[in-house]
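J.: Pasting the relevant annotations from TrEMBL:
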- E140, D207, D210, D381: Mg(2+) binding site (BINDING)
Amino acid sequence: MPVLYRSILSPQLQSSLTCRQITHFTFNQTKVTFSSFPNYTKISCSMFSIMEDNPPLTPTILESTEEKYSAELDVAVKAVQMACSLCQRVQEGLISKSNSLVQSKDDKSLVTIADWSVQATISWVLSESFASKSVSIVAEEDVEALSKPEATVLLDSVVQTVNECLAEAPQFGIKSPIRPLQKEEVLEAIRQCNSTGGPSGRFWVLDPVDGTLGFVRGDQYAVALALVEDGEVVLGVLGCPNYPLRKEWLSYHNRYYRILSKLTPPRPDSWDRGFVLYAKKGSGKAWMQPLLPQSMKLVESKSPRPVYVSLVEDPALATFCEPVERANSSHSFTAGLAHSVGVRKEPLRVYSMVKYAAVARGDAEIFMKFARSGYKEKIWDHAAGTVIIQEAGGVVTDAGGQPLNFSNGIYLEGLDRGIIACAGVQLHQKIIRAVDASWDSSCL
Ligand SMILES: Nc1ncnc2c1ncn2[C@@H]1O[C@H](COP(=O)(O)OS(=O)(=O)O)[C@@H](OP(=O)(O)O)[C@H]1O
Ligand SMILES: [Mg+2]
Ligand SMILES: [Mg+2]
Ligand SMILES: [Mg+2]
């Protein structure tokens, strides 16, 4: 059994080390590094013991990552909190009024004023907060449709929505602009998110509204922001404004359960309805913060708390989640996989990266996505969720067991077949083996 010598860790880490955190180190003879989970080099608690004596050879002393990226994480969480508030307002408006503010893009997917407004707002906040460093952002939306002469009403709505949100910024600890942003400034903020990523340097990755279909249906959606440095996701922030009090509600359509179910609807101020999850790579922790702004009365109950993946290893007790739309992931293939590994529960079909949140929080054990051949997964659909699950103790790879590659532009280049995220290594290995066994006979 390999031995992890406590003395080779920095003093700060020595004192804060817990069993769960140790799963976040990788080990080879003389060096312990924070996990990037290359293949299966991750070692789990059961695979080594902790010794208090001197290390065998001259070890590398680990530095704490506590300080690094703290300023970025702080701003990112606040920006996502603001974005969640913006989205809640727009979603209520969409459901109660009209659909005129929902547009179809060239690929027939949807975009709404919330998508553009969140992108503009977060872009503005990041640029203002890190003015000294040039801020590079990869994001989903562009200004093409918004800049057309016939899009004046749409653009006006976006400008208004952005300004309403920025006016509330101080409640989230962010400075408002000195005057409302003009149309051209809003367009510029959206346009500025034109980075194409890559293997070196630092860039933010933003999906302003992930699961736009869920959003317009009054259901689940997420705001996802990540920071990538030298090809690695170092921060992930995931806002899930509609995440319900009880996990069973995740699979219900919001309006459906509001109208038809006898279940008590989630209270707007309750801890579990809506939150922001976040994690810093290598910290061994993922955190959940309820939605702000904080009501003064609830300040104490609104401090962040850690989340952990589920400890369930028995497939029969595991829940797997997947996209709602068959067009986005093969339900029949995942049903076959689930059956062959012994998963017996019905799949939890949920829009957006809320699926990553469900695994990170321990509400589900597995997330699988197998898009049709030819579809290339985008980095903004996975970056934030990946680091959050990993830091909460889980595993995220492609179907070949390789880590997702965020270093090659806007797509997850080289992705082998699909994405598999699991609470634990054992479940993950079982699914990877099942994919290999059934892939050739699948029609994917
Ligand atoms: N054909 C196809 N195959 C796979 N994936 C696709 C496809 N088309 C789009 N997308 C991306 O899927 C994102 C939505 O994923 P979801 O998990 O929310 O899907 S689902 O609506 O629950 O079915 C969605 O993110 P948003 O556009 O941010 O909503 C897209 O980036
Ligand atoms: Mg989209
Ligand atoms: Mg998306
Ligand atoms: Mg989106």
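Cβ coordinates are placed from backbone N, Cα and C, and glycine is handled just like the others.
Values in this document were obtained by computation on a predicted structure and should not be read as measured data.
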J.: For D381 (Mg(2+) binding site), which residues of its chain lie six or more apart in sequence with Cβ-Cβ distance below 8 Å?
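T.: Counting only residues 6 or more apart in sequence, the Cβ neighbours of D381 (Mg(2+) binding site) under 8 Å are D207, D210, A224, M353.
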J.: So, in DSSP terms, is E140 (Mg(2+) binding site) helix, strand, or coil?
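T.: Going by the DSSP assignment, E140 (Mg(2+) binding site) belongs to neither helix nor strand, so it counts as coil.
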J.: List the other residues in this chain whose Cβ sits within 8 Å of the Cβ centroid of the Mg(2+) site residues E140, D207, D210, D381, in sequence order.
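T.: Here the non-site neighbours turn out to be L206, P208, V209, A224, M353, K378, W380.
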J.: Quick check on the binding-site residues: of E140, D207, D210, whose CB has the lowest count of neighbouring CB atoms inside 10 Å?
T.: E140
J.: Could you check which of the binding-site residues E140, D207, D381 have their CB within less than 6 A of ligand 4?
T.: E140, D207
